[in-house]
Amino acid sequence: MPVNENVILLDIEGTITSISFVKDTLFPYVTKVLEDYIEKYWDDESFQQDLELLRAQAVIDSNVEGFVPISTGDNAKTSVINNVLWQMTNDKKTTALKQLQGHIWKDGYESGLLRGHLYEDVLPVLNKLTDFGKKIYTYSSGSTKAQEYLFQYSMYGDVSGIFLKYFDTKMGPKGSETSYINIANEINVNCSDILFLTDVVVEAEAAVKAGCNSIFLVRPGNAPLDPEKSSKFRIIKTLDELLETE
């Protein structure tokens, strides 16, 4: 069988969904509806939990250059909006931001305004790997809920049943080898039994340092490869190549 490992761990953005879907559809959607969303859900328990995380993150970020504080009182809503936009502009991957984004996307998916993009090779290959007895997981900087919504409301319908579990940065940063050890412990396997697919070299390197195997994906619109760094990994253009005998 071409894939020896029993566990397939998938990055999402740039691996099984396009970077352009995230950058040109999901992120702009948050920016577009953020003010209305906060106004609509401000008093909801779910948003208040998001707000608590945002305030805690603001304390951590208070010494960061350009930091936008979250205030109380009459300007509270505006300050939250400005803080979220600041985090997004600076491509911060905080749990607080990702959780709020996930809830906003959920609203968009449920209303039919969003549909999760998947490359056309993804579902056929993952279904075959599942038939082979492989266990499929994801690991993304997006929250586990955001991942679930993408698959539940995908352009192909609800395909969330393929994935046994979703992991996010609560396991640790994707560029840290400890994160992959944490995931292995969480699903009770050895790192050597995990094949991690990603389009980011530092993530692939971290996974390998942890003892996992890693394959590098080259998709349209992904960042240019660094030949020196990427040469250490098997490089594929579609998941179909996982089913080929080398």
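Each residue, glycine too, has its Cβ placed from N, Cα and C.
Swiss-Prot has this to say about the protein:
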type	residues	note
BINDING	ASP11, GLU13, ASP199	Mg(2+) binding site
BINDING	SER140, SER141, LYS174	substrate binding site
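Listed in chain order, the extra residues whose Cβ falls within 8 Å of the Cβ center of the substrate site residues SER140, SER141, LYS174 are ASP11, ILE12, GLU13, LYS93, TYR139, GLY142, ASP168, THR169, GLU203. Within 10 Å of its Cβ, the residue among the binding-site residues SER140, SER141 with the fewest other Cβ atoms is SER141. Surrounding the centroid of the Cβ atoms of ASP11, GLU13, ASP199, where the record places Mg(2+), the chain contributes additional residues within 8 Å, namely ILE12, GLY14, THR15, ILE16, ILE19, SER140, THR198, VAL200, GLU203, LEU217, ASN222.
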